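What follows is a single structure, written as structure tokens, with notes after it.
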Amino acid sequence: MFDVDGFIEKSTRYIREAVGDDCAVVAVSGGVDSTTAAVLAYRALGEKLHPVFIDTGFMRLGEDVHVPKLLRSVLPNLTVLKERSRFYEAVMGVPDAEEKRKRFREVFYRVLSEFAEKVGCRKLVQGTIAPDVIETTGGIKTQHNVLRDVGLDPVSRYGFEVVEPLRELYKDQVRMVARKLGVPREIVERQPFPGPGLLVRCVGACSPEKLSVLRVADKMFTGLVEYLGWRPSQYLVAVWESERHPGKTLEIDGIRMEAYAARATGVKGDARAYGLVYVADVDPRSALEKFLWAKLTSLDRDAVRLVARLWSGGGGKYVVAIRAVQTEDFMTADVALPDRETLEVIVEGLSGIRNVAEIVYDVTPKPPATIEYE
Ligand code: XMP
């Protein structure tokens, strides 16, 4: 059994010792990991902690307004830094998933480094948790908050030492700690959200137009999921162009499949794969029952995902993909499907968004897909 009180006492002591006579900066996104690390650090350091919320421009619609308000109830001295243009300049138009993540990480830490210098601190508290470290060192994807484990020295590069009180914990344990510390319920129960935010769901080269479709689709989808009372472990939408990969088609059990030009991330064995997304005109339920993804990956080694088409029409240019999973630890995951009525309402909502050409349902478990698209 995880001893929550014992952990809080031990990590408070650890933070005090690690920071010593110095002060510390912490970047808080409003996600459960970074908020819990910040509240623990605030407990340990009081006003010697400088929490900062960075508006990267890849947050969900409205989060840059709502989240700082919510956070100030537990972190009264929060600073908000509006840095959208710097992030956009670095990552918009970059097609490769890992390159996008690395560029995002660089701007993120530059911004933090400048802030730390301004307030005169040489320590950075981070909410890195065990799966972040495992997935990054395993070469699956570059989690934006993992530095030392991939050979980047934060001291020489950014001028601060990193303090990571949650490094040994898994998500459910972080939530237990958060509850005990009085973190607002909305944050404790929040969906996991990747550090680079919607950037990794704006599949391929991101543009302001694509990001705007994604932000509206995300708001519509998450709003409806919550309103209709469906509760998968994690649910998200991703957007890419409906353009096809020239010459990549397959037929399995009489079902024709086409690949998109866009690529997505998956896991094969213990390694990262960056491959093709196939689409089939088939009901998601029957795709799952037929284990089509398994047949697909045995026929095309480049395939990392299979999506089932729910709707196509309009004159748009983008695909909106729905991904919902059921999982305990987020290291492996099953596909979650709502009932038919719920799905119909979601399609009705999403198909009304300007510039949407197709709506698809991701029917790939993890592995071979990851939960996120990049
Ligand atoms: P994947 O896509 O690797 O995701 O199957 C597993 C879980 O981790 C979340 N995730 C991230 N969290 N920084 C984070 O803090 C990241 O860069 C990141 N990438 C993925 C993802 O949402 C899922 O819950």
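The backbone N, Cα and C atoms fix where each Cβ goes, and this holds for glycine too.
What TrEMBL says about this one:
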BINDING   Ser29, Gly30, Gly31, Val32, Asp33, Ser34, Thr35  ATP binding site
DOMAIN    2-190  domain 'GMPS ATP-PPase'
- Task: Quick one: give me the count of other CB atoms within 10 A of the CB of Gly31 (ATP binding site).
- Result: 19
- Query: DSSP three-state call for Gly31 (ATP binding site): helix, strand or coil?
  - Reply: coil
- Run through the Cβ atoms and count how many others sit within 10 Å of the one on Ser29 (ATP binding site). 24
- Note on the structure: Sparsest Cβ environment (other Cβ within 10 Å) among binding-site residues Ser34, Thr35 belongs to Ser34
